[in-house]
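See below for the structure under consideration.
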Amino acid sequence: MSDTPVDADEVRHVAELARVDLDEDEVEEFATQFADILEYFDALDEVPEVDREDELVNVMRPDEVREGLTQDEALSNAEETEDGYFKGPRVS
Amino acid sequence: MSLNAFITKETVESDEDGPLSEKTIAVKDNISTKGLRTTCGSAMLEDYVPPYDATVVELLKDAGATIVGKANMDEFGMGTTTETSAFGPTKNPVDESRVPGGSSGGSAAAVAAGEADLALGSDTGGSIRCPAAFCGVVGIKPTYGLVSRYGLVAYANSLEQIGPIAPTVEDAAGLLDVIAGPDERDGTTHDEGADSDYASAADGDVDGLTIGVPTELVDGADEGVEEAFWAALDELEAQGAEYREVSMPSVEKAVAAYYVIAMSEASSNLARFDGVRYGKSGGYEGNWNDAFARAREEGFGPEVKRRILLGTYALSAGYHDKYYAKAQDARAWVKQDFDAAFEDVDVLASPTMPVPPFKLGESLDDPLQMYLADANTVPVNLANLPAISVPAGETDGLPVGLQLIGKKFDEETIIRAASAVEN
């Protein structure tokens, strides 16, 4: 068995962190499935220490102004806009 | 009956004259097409119309291709069967009671059924090779960095590549020639592939080629799949290649490492879908976090929620070292195993999928079983290597795919070897 108990409360907590609401059926189903999946992920405990290759290099270009989307294009997929801005939920 | 291979069926003609003139092409629905709805198979993006083309789509248009639609896919590329699409599953044209594989299932089904000459898919853990194998067509997952990802809606950036699906190795290689090459809008691209001629590598000449067979990727495969696999290798041997077994112990950990890394990257990438800039808002008001959480509850399907939550969990305080850091160790180990294997052989071979195509609905209730089906394809993405799936016979009338894996940027050798399998 996994040493990381996944109960309904834990699923609700992670869902809150991830900003995804779940209904009660989903919470129960995910708790069961996550226990199985995380137990399978425990196989990673047997991975030996490995020297990582260090071949990463930064790829930079000059920061020059160039053509981009127009304001209308950038806003074209937002459900709500106002005065050329994205409009979010009202803060009460 | 319709296979449901397309989410949006709309023709975009090109004015240009090039190597793909006269060719029709299906584009996976997570690749941005200007003015043409791009949903990623998700209700969240049901109405999303990109204001720009992905680099690969610009290249298709420049090459004269006619786009015939946006191909169905697992939601955000998450699935092995194209059943998690919010727009319904695609059927396998070889046997309509079965899945086409995933996540590029619509792309592969469109090609196999002749609804498009060619298709583009994306491959994060096997999403081009799996449906190619299940539908009996050819699919190439290019070396990471060979093809621009600009305009591909991100799922797991460090793993995914856009690649071709086609009826023959030569056609797939020709489409790869069109889309390969550096792009200043994607800093991970390389110069390799700029003036490629992969199509002419499909000459079927395998005389003197050395093929390694990782025993870990053959053991445990379905009996009929294994028979077809060895028959294909015997055929290559008859054409002058030789094969030997090699051992790669790290691949036993690849599935766990792959899913931890992919889910972690997904949990970050999909945070942008909040219903404000794009995506369904639901029109909720009040606390922003509550409004976003409710919009995301409605917009995302179960597999996407599952992966976002597991990714969030794997990155959260207390579990980062246990899951994410260990997965990165496993990834480095897999790379080392491949490097060691390629000191002695030119290519590696395995069955693409250890099983024949599932029945529709068969795997939906058990996500872990579905994840395990990716055992042979995910090591390639972890190591950023190129691989091809080519049809290699049948089992009980269902297609079997042979996977050939190459060294970094050595697409030519796997294309040459795969073309010999077609002979």
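Cβ atoms here come from the backbone N, Cα and C positions, even for glycine.
Taken verbatim from TrEMBL:
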- B:K28: active site, charge relay system (ACT_SITE)
- B:S103: active site, charge relay system (ACT_SITE)
- B:182-193: compositional bias 'Basic and acidic residues' (COMPBIAS)
- B:13-414: domain 'Amidase' (DOMAIN)
- B:80-107: region 'Disordered' (REGION)
- B:180-202: region 'Disordered' (REGION)
Intrachain neighbours beyond the compositional bias 'Basic and acidic residues' (B:182-193), with Cβ under 8 angstroms and 6 or more residues off its ends: 55, 142-150, 409, 411
Other CB atoms, at most 10 A from the CB of B:K28 (active site, charge relay system): 32
Other C-beta atoms that fall within 10 angstroms of the C-beta of B:S103 (active site, charge relay system): 35
Secondary structure composition of the region 'Disordered' (B:180-202) [DSSP: H/G/I, E/B, coil]: 4 helix, 3 strand, 16 coil
Pairwise CA distance, B:S103 (active site, charge relay system) versus B:K28 (active site, charge relay system), rounded so that it is a whole Å: 9
